[in-house]
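Taken from TrEMBL as is:
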BINDING   Cys99, Cys101, Tyr113, Cys117  Zn(2+) binding site
BINDING   Lys234  ATP binding site
DOMAIN    7-253  domain 'Glutamyl/glutaminyl-tRNA synthetase class Ib catalytic'
MOTIF     10-20  motif ''HIGH' region'
MOTIF     231-235  motif ''KMSKS' region'
Amino acid sequence: MSSYIGRFAPSPTGPLHLGSLYTALASFLDARHYQGTWLLRIEDLDPPREEAGATEKIIETLQAHHLHWDNAVVLQSQRSERYETVLENLADTGHSFFCTCSRKQLAAYPQGYPGFCRHHQTQSANGKNAAIRLKTDGIQQTFIDLLQGQQQLPKRPDGLTNDFVIKRKDQLYAYQLAVVIDDIDQGVNVVVRGNDILDSTFKQGYLYRALGHTPPAYLHLPVIAAADGQKLSKQNHAPAIDNNQALDNIRQALALLNQPMPPTHLNLPNTLLFSIEHWDRQYLSRDAWLTTADNVSG
Ligand code: GLU
Ligand code: ZN
């Protein structure tokens, strides 16, 4: 690849924990190993799920671990105008429609969208109390994940579509919309992220097509679980990373990534240089879940 552009795109729902540091480190090492650019974007689109101060804490933790990014940090909360412009463009080109279905109406169709609102005209309907959905077509989507191999969108039962929400009824922009617009605008061409969002890749694929762009390459890492099998997350009280243990944390994340261990006498910057040089995708485990020892699950 001529000019690799990767990124780490955390949602500020809490401070980084070992599972998110592992994802950050993988995307950093992969980008740096291939002489790429590595960007930081804060996906602060969902205020009810965010925690005050989390953005600052994430930034501090990345800095304390010498995971230095290129260019200025992009905050999604500052990009509403751009998202609105793209939404207008999708409406004008017939790619989207207002959806006024209630949660109750949709509850009977957990496997897809039954298409009730497809006939609405985005221009004429009143969007105040409506979500906006992307109109998806029947094309069978596939992609080859750099780690997980060939992936195929599961077939929907007859009569159901993949039409998904790109602006929510509460008027918040959907993650799917923002992530695609930002990755396009930032020129991102390699995405390294957790396997828990692999399925979103298909939705994002529809958006790339609707916007006339080619999707990036993807590498979906196994998600780190605590010893009880739950994904490490704020919800299950994964402990925040201790910035005073940066070298240990990086070594722990490297072990989870199954990379060659740097000699113990190296300091943090040299540990990272060693790992950039020795980074190898082939050592990564494919498994959907990697379980940590009890001592790191808290
Ligand atoms: N913001 C998402 C998260 O924190 C990641 C989005 C992505 O990498 O595409 O789970
Ligand atoms: Zn609807």
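Keep in mind that glycine also has a Cβ here, set from the backbone N, Cα and C atoms.
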Cβ atoms near Cys117 (Zn(2+) binding site) (within 10 Å, other residues, all chains): 19
Secondary-structure category, per DSSP, in which Cys101 (Zn(2+) binding site) falls: coil
Segment-level pLDDT (mean, integer) for the motif ''KMSKS' region' (231-235): 70
DSSP-derived class (H/G/I helix, E/B strand, else coil) of Cys117 (Zn(2+) binding site): coil
Cys99 (Zn(2+) binding site): tally of other CB atoms within 10 A of its CB: 23
Environment of Cys99, Cys101, Tyr113, Cys117, the listed Zn(2+) site - residues of the same chain whose CB lies within 8 A of the CB centroid: Phe97, Thr100, Leu106, Pro114, Gly115, Phe116, Arg118, Ala131, Arg133, Asp163
Neighbourhood of ligand 2 - binding-site residues from Cys99, Tyr113, Cys117 with Cβ under 6 Å: Cys99, Cys117
